[in-house]
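Record features (Swiss-Prot):
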ACT_SITE  182  active site, proton acceptor
BINDING   36-60, 186  NADP(+) binding site
BINDING   169  substrate binding site
MOD_RES   92  N6-succinyllysine
MOD_RES   92  N6-acetyllysine
MOD_RES   105  N6-acetyllysine
MOD_RES   216  N6-succinyllysine
MOD_RES   216  N6-acetyllysine
MOD_RES   220  phosphoserine
MOD_RES   227  N6-succinyllysine
MOD_RES   234  N6-succinyllysine
């Protein structure tokens, strides 16, 4: 009798966990949160911005070009989502400051930062990379996420904490031939995530990392632009398809939600089964 009662309690508890994890008991897990997403007018960034807004957040999108910002905002607002936007070149201090100020002015604070902006200005041997290319790659891909995080921390502290997600790449674990400085910069983000997580945990700010594999975007176009090349890439994946931007979005929303409140300093790989160990 006692065992039967215990089994009943366990079954009900498991059912509650299952329902919660499937979203059956709670809607809008990011309700009233304010999210900044850099490089979010196309590809992975756009999919993340859309998902955060669908899950209840007020989202501020950004990009280097006003035309792209306007188009993304119009599309997402047309879907009934709470989205605004501003131009932001993450390598420029004044643009980073404006992005933060825009969110605070419109929504009263910041709860979430998704640092997605990146460049890959070079293809070839590491021995042929110029100092100029190194500076540009590390400035945008590594230094800017660190400084962007620094800029939002005071606003997150005012709201009792927050969540940062830094977008790295499968190239951090398995370097892509020819993408030499890009590979190095994306590996550096794994260390940045760990370091920020340790430093910001006492402030109730969690920092995690997303490492997408081969996702079908304009950024990765040269890897899949013809059918033969695409089929060849699929053969290297355990899940025999290329990823879509939406494959990354739900994971980021989860990491920004209370469901991930005990997760920090971690990297989640969305790579179709691509080996991902340093």
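Including glycine, each Cβ sits where the backbone N, Cα and C put it.
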If we count other C-beta atoms within 10 Å, could you say which of the modified residues 92, 105, 216 has the fewest? 105
Whole-number Å only: compute the distance from the Cα of residue 216 (N6-succinyllysine) to the Cα of residue 48 (NADP(+) binding site). 14
Can you tell me which of the recorded positions 92, 105, 169, 182 is spatially closest to residue 44 (NADP(+) binding site)? Compare CA atoms only. 169
Residue 60 (NADP(+) binding site): nearby recorded positions from 92, 105, 169, 182, Cα cut-off 10 Å: none
I'd like the Cβ neighbour count for residue 36 (NADP(+) binding site), meaning other Cβ atoms within 10 Å of its Cβ, all protein chains included. 29
Tell me whether residue 52 (NADP(+) binding site) sits in a helix, a strand or coil according to DSSP. helix
Measuring CB to CB from residue 40 (NADP(+) binding site), give everything in the same chain under 8 Å that is also at least six residues away in sequence. 46, 48, 49, 59, 61, 62, 63, 72, 114, 116
Euclidean distance between Cα atoms of residue 105 (N6-acetyllysine) and residue 56 (NADP(+) binding site), Å: 19
Between C-alpha atoms, which of these recorded positions comes nearest to residue 92 (N6-succinyllysine): 36, 52, 105, 169, 182? 36
Reduced to three states, what secondary structure does DSSP give residue 40 (NADP(+) binding site)? coil
Looking only at C-alpha atoms, tell me how far residue 182 (active site, proton acceptor) is from residue 36 (NADP(+) binding site), rounded to the nearest Å. 24
So residue 52 (NADP(+) binding site), by the Cβ count within 10 Å over all chains shown, scores 32
